[in-house]
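S.K.: My questions all concern the structure below.
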């Protein structure tokens, strides 16, 4: 009996069911973000304010967690020193896949005004960053808008297609 290998990647087409699965899974992921806060300086104060009742991140599905094993989003806010770099890398590695990182504020994005031997000039030199929030210190509304942008990015992800294509090859 002849066996034919089906090439699903031909013409860019995978089974149609994966598109629906992607939408459902990404909708669930985007509306249940568990964020681990890593507040290091002034931006940490604004991040704490965003967790209060006035901004109510819970209505967007974002819940702040203290453990990296319970989180899928890391929010790095403030100046990252070289001594902290090892710890932030370890915390990032403890997070389960899929995971995202938000860099909040000028100091986390580029090192800010602290261009010294002891500071890391941007979190993206240690861990991959998905979203940069500018400002010194960014207001809670900026973080709220950033979470909404991250949700939009997650909904556009094609995770199951990449996983199936990897298994079929």
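Note: Cβ is positioned from N, Cα and C throughout, glycine not excepted.
These came from Swiss-Prot, pasted as-is:
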- 42, 43, 107, 136: [4Fe-4S] cluster binding site (BINDING)
S.K.: Cβ neighbours within 10 Å, counted over all protein chains: which one of the binding-site residues 107, 136 has the most?
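M.R.: Comparing the binding-site residues 107, 136, the most crowded Cβ belongs to 107.
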S.K.: Suppose the [4Fe-4S] cluster site is 42, 43, 107, 136. Which further residues of the same chain have a Cβ inside 8 angstroms of that site's Cβ centroid?
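M.R.: Residues close to the [4Fe-4S] cluster site, other than 42, 43, 107, 136: 41, 46, 77, 78, 79, 104, 105, 106, 108, 112, 135, 137, 138.
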S.K.: Within a 10 Å radius around the Cβ, which one of these binding-site residues has the most neighbouring Cβ atoms: 42, 43?
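M.R.: Highest number of other Cβ atoms within 10 Å: 43.
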